[in-house]
Each structure stands twice: as C-alpha cells, then as structure tokens.
C-alpha cells in the first residue's frame, strides 16, 4: 500500500510509538525552554489526553477482567499448578521489593494540583472498611465514579458467572474485550501529543525540578526490575531446582528479554518464548499452556510499576503509610498486575485502583498515570522484558524440578 498523497500519515503509521513519544518529549522540552508562555497554552493537549485515559480506564478494567475469567478453560490450572504458583510468588515478591525500594528511596512528583479536600485513611482498619464499601458499590455507580475496586469485584463476579454461559455469550464477551482494547490502542496512539502537552506545560511551570523527579523515579523503577531479574528470580529458581540458576536466568534474559524489550508486548513475544522452550527441551504439553498463561498473569514488572508510582503519589501528597497498609498495597498491586496483560499501557491504567487505597482522587491518580507515560520509553520496555523472560524462566524451573524429582524416584 502506498500513500503518495498522504506522506504525513505514511510517516506516522511507519514510525514506532516509542519514537513518536521521544519526539513529543523532546519537542515539549524545547518549547518549554524557549517559549514558556506558549508551552503553558499547549498544556490543554495534555489535559485532553488525561481526560481520555480517565474515560476509558474504568470500562477497560471491567470488560477485560470479566472476559478473561469467562473465557478461561476448565482444567487448565491442573497441568501447570507449580508454574502458576511461581508466577504468583514472583509477582508478589516484585511488589514487595518495590514497596521496600519506595520507602528506602522515596520519589516525589510534580503534580498540577493537590486537592485540599483529600481525606487519607488512618490505618489498615479504615482502609479495609473503605475497601469493603467499595466492593459492594453499585456497578453502574462504580463505572461512573471510577471506583476501580468495585469495578474489579463486579468484573470478577460476572466473569465467574459467565463461565457457565453458552459459547456464543463468551465469544461476545471476548469480542467486546477486543473492541475496548482497540479503543485503548487508539487513545494510546495519541500519547505523543499528550506527552508533548504535559511535558511542555510541566517544565514551563516547574522547570528542571520536574526532570529530576522523573529521573529519580525512573532509577527506582529500573533498579527494582534489575534487582528482581538478577536477585529475586534467581533465588526463587534456586529454591525450585537446587542448583546454580544464573545460566538459565541469563539465557532467558538474552533470548526472550532482549526481544521483548523492543517489541514491548508480552503477547507478541509468545512465539519467541515457545521456540526458546523447545530449544531448552522442556515438556511441550506444559509450556504450550504456561507461556500463554504467563503472558496474561505473570506480571512482576507491572507490579513494580504500579507499586512505585502509587507510593510516589503517596509521598508527594504527604500521606503516612503503615506496614499493614503497605503489605495490602503489595497484594493489590499483584492482583492489578495480573489484569494488565495484553493492553497498551495496561499497568499504568491500573494505578488509580492502587491509589484509591489511600484516598487519592482519580484526578490526581491520572496525573500519576501521565507521568508514567512520560517515562514509559524505558519503563514499559524494561517491564515487558522482565515479564516475558520470567515466563520462560519459571516454566523451565518447574520442568527441571519435575525432572529432578522423577530421576530421584
């Protein structure tokens, strides 16, 4: 197909989203540096982008989770129970690492507004009480008010109920999920313009301090991911196979992680992972199920992103967090991460759910999401590399452990 009369459209469709975001980020910095008055005016573009994210996020969570549970095949978990356990342990461990790192190296963000009417929770009891009330919220009201905890509860409940529905109904839910995901992708395609407006207005108002905040946040995020990849995951694998895990870890990072870093899609990396599993000589009936499932629920990188950005908002707003609440955040971040698969910007769009634990309003939470898009050039690539390479790593660890048991018997 050629575009002789539309060279700009041809350029946009052929250029990667990452490249376009980089251009938007640089353009925003240049505009803020040389024309600060104009930079403040284009901030409206960023506001439109954030509003679009706010509009699509509740529907996305509701439809995606409901369709995913409704279309889950019966008996799938019985074949991969050890791998499923590794996925869950790995994701929760990543969230715990992110909590510890966020307290050790707290990040502060430059937000447009700090609402004075906020009422942060007083402790774990108040958080749990608020959580229960959010769970039993009216589903329509939950969607309208962006009550993500209520949305998640209703999506899980309806998903379980629809598992017993006809194939036609479940196919309809799957098509609905695909339709919503397509709308999300369209919104994400406007990320370069949104980032341009956000960066320009932010730096025109706050100057280099905002850049320092983003740099610190990015270092914490990438540091957590590297720590999980080279310390936590090898420790989990060692406990499973009882031998040096690093040859396997490095193989997975090299063969799977590098590809995922550039594709920025766990789903797109599934064929690469399946081929790697075949080369490693793993059991086909196992990895043919565990790899696609891992691309759905094994989201250590997403758990890190959700936790670090949520606690960055908490620190910025001066909200005190006790240990039980931090543990609850780790659990919530892990659950959120499992629902972030296959969606452009999925982990970022689930940040408001985690923020709601601390009474942070949706307006502020979506500003944090926008910050996430600014640093997503590296964050999303590193997150996908960690997620996808861990799919193969834990699958291989479980298979090797089963072989060790069989040989010892």
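Counting starts with 1 at the first residue shown.
Cβ atoms are placed via backbone N, Cα and C, with glycine included.
Pulled from Swiss-Prot, these are the features on record:
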type: TRANSMEM; residues: 17-37; note: transmembrane segment
type: TRANSMEM; residues: 49-69; note: transmembrane segment
type: TRANSMEM; residues: 83-103; note: transmembrane segment
type: TRANSMEM; residues: 142-162; note: transmembrane segment
type: TRANSMEM; residues: 180-200; note: transmembrane segment
type: TRANSMEM; residues: 218-238; note: transmembrane segment
type: TRANSMEM; residues: 301-321; note: transmembrane segment
type: TRANSMEM; residues: 331-351; note: transmembrane segment
type: TRANSMEM; residues: 357-377; note: transmembrane segment
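For the transmembrane segment (83-103), the partner stretch with the most Cβ pairs below 8 Å, chosen from 49-69, 142-162, 218-238, 357-377, is 218-238. Against the transmembrane segment (49-69), the recorded stretches 17-37, 142-162, 218-238, 301-321 differ in Cβ pairs under 8 Å, and the greatest number is found for 142-162. Stretch with the most C-beta contacts under 8 angstroms to the transmembrane segment (357-377), considering only 17-37, 180-200, 218-238: 180-200.
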